[in-house]
């Protein structure tokens, strides 16, 4: 293995970023449909811009959802509640353009024949490939750069909502973390942290430069140093806080937001492959979402069981077909106990049922308890213990199957 050092970078965005506003509205609409009718089929897309929200997509459900009320509630909770933001929950226009799903798709998902057991009853909602990943870089078994990037913007939002310090904060923000690794893929240190946060105008009597200096110090002391372990920060670590200076205009007024445009933020920060399908606004019959959750579950249990230090899982489907077309597991040369990837994959395939209905039942994706889909729509779908696909309950079964 090479011993040359290298850098790796991941980014995240806050719940107030326009693309994340769109994701959260889409998932809040999905939550309401699922709550009223667990068998709802939903593909909900949201567009947000200055003073306007458009919600569209395809739905088959017995539920009746007030899209306007849900969108305004979501925007309020994110924090867009002032007219000066040019995107205000109370005054923005909201257009709903949801319509019924194609019966051709529904026919493929709800199968009526070729059934060996009940889990063969539901075919995949579309073709495609999905990836899951886990590694030992953090306690959450997530890549470190994305984990830190998510925690930075999450803490920034908590501080903003608490309103005790940094009272100038506005909802939009981004983070980026660059780590230095040794040739054995161990994190050595933080090379750079970038945080851009929207803020109020500078107070009277304070120049832009003075205000930005205050913001920089506050972000370093109250956010970065609370999230990133002190041992990883040294005198050469670079902090770029609002590097362009003033950041007053932001959110959907600064940039148009769309559902599904932050798929790398949602997953592993570029540390693992991505099948290309977004998550938010999609009911669990859509394998873009449910199978990506299941693939993470498989990868995390393999790493948690001590079978490998890294694990990538790929699963693929054909529309209307329940059983995966292919499953692929790669431990990147980090497998333990003399195990081959083939041995690990053989046991994993026997233990983890990756048919869509089996995934839905295993995680109660049609009846979420203790979480909701909107919870997933900001700060990452993985590495957060509240979600059932993060459980490592299969560790003992995996180890026993492999004679460990």
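Easy rule for this one: first residue shown is 1, then count along the chain.
Glycine is no exception: its Cβ is also placed from the backbone N, Cα and C atoms.
Here the structure is a predicted model, which means the values were calculated and not measured.
Binding of ATP is attributed by Swiss-Prot to 17, 172, 173, 174, 246, 247, 261, 262, 278, 282, and within the candidate set 182, 255 the record adds 255 to that site.
Among the candidates 24, 101, 212, 343, the residue that Swiss-Prot annotates alongside 58, 255, 286 as binding L-methionine is 101.
Note on proximity: of the binding-site residues 19, 45, 58, the one nearest residue 173 (ATP binding site) is 19, by Cα distance. The Cα atom of residue 262 (ATP binding site) lies nearest to that of 19, taking the binding-site residues 19, 45, 101, 286 as the candidates. Counted over all residue pairs in 17, 172, 173, 174, 246, 247, 255, 261, 262, 278, 282, the record's binders of ATP, the longest Cα to Cα distance measures 36 angstrom.
Nearest in space to residue 17 (ATP binding site), taking C-alpha to C-alpha distance over the binding-site residues 45, 58, 101, 286, is 45. Once the Cα atoms of 58, 101, 255, 286, the listed binders of L-methionine, are compared pairwise, the greatest separation found is 30 Å. Within 10 Å of the Cα of residue 58 (L-methionine binding site), the following binding-site residues from the list 19, 45, 246, 255 place their own Cα: 45.
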